[in-house]
C-alpha cells in the first residue's frame, strides 16, 4: 500500500498488488483455519469472520469514491495501509505468534488428531477429491462476487450515465454481503447448509419476489440481476445489487465450514489455504 500510495508506474503498481495478495492470502487462510477448527459455534464465528470482510469491502468504496475526485487519488492507499498496520498489530497482540494448537488450547478446544501418513502434506491435499470440488466452487463464487462488486460501477457509469458517486452502489453490494452473512445465519442452521445453498443461489441468480411498482397496481416477478440490466433506475439497480449481496453472502462461509468437515484435522489449515487461494483466482 505504501508503494501504491506514491502512484508509481503501472508495472510497479501491479507488483505491489501481487505482494499485497500474498499477505492477504496468508491472513485469509490462517483466519479461516482457526475458526473452522473450533468445535463450538464455528458456523456462527465463520459468519462473523466473513461479515467483517463485508464490512471492510462496504467501507472501501465509500473512501475510494471520495479520493477518486481528488488530484492525489492514490492517497486512498494510505487509508488501506493504516488499516493493514492496525490489523497486524491486533494479530500480534491477540495471537502472540502462537501455533494453531496452542491457540485452540487457550480457548478450551482440543488440538485434534495428528497425521500418521509418511506422504508430504501437499500430496495428501492433492489426493482429496473434496478439496478440488470445494476449490472449483470457491473459484466460481469469488469470480461472481468480485465481478459484480467491481463491474457494477463501470456499468452504472458507462450505461446508466451515473457520475463518480456510482462507487456507492458497490458499497451497497458489499453491505448486503455483510448483512447476509449475519442475518441469515439462523436460516442456514434451520434449513441445513447443504440445502440452503440451493436457496441462496436461486434467490441470487434465479427469481425473487421483488415488488417494483411500474404503476400503482402492476408488480412483477423478476430476476435480481435483470433488474439492474433492464430497469432504467439507479435506485432500483442499487437495491437489486444489494439484495444479490445479501443472498450471495452466506455461501462462502458455508464453503469453509464444509471444508472443516470434509478434510482431516491435520490437513485443515493447508487445505483451506489451497481452497481460498484457488478461489481467489476467480477474481482475476
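Easy rule for this one: first residue shown is 1, then count along the chain.
In case you wondered, yes, glycine gets a Cβ from its N, Cα and C as well.
Here's what TrEMBL has on this protein:
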TRANSMEM  12-35  transmembrane segment
TRANSMEM  47-67  transmembrane segment
TRANSMEM  73-95  transmembrane segment
TRANSMEM  131-153  transmembrane segment
TRANSMEM  165-184  transmembrane segment
TRANSMEM  196-214  transmembrane segment
TRANSMEM  226-255  transmembrane segment
Non-local residues, at least 6 beyond the ends, that sit with Cβ under 8 Å of the transmembrane segment (73-95): 1-2, 4-7, 23, 27, 56, 60, 63-64, 67, 103
Folded-back contacts onto the transmembrane segment (12-35), same chain, C-beta under 8 angstroms, at least six residues removed: 1, 3-4, 42, 45-46, 49, 84, 87, 91, 100, 103-104, 256, 268-269, 272-273, 276-277, 280
Positions whose Cβ lies under 8 angstroms from the transmembrane segment (47-67), at least six residues beyond its ends: 31-32, 35, 73-76, 79-80, 83, 149, 153, 164-165, 167-168, 170-171, 174-175, 177-182, 185, 245, 249-250, 252-253, 256
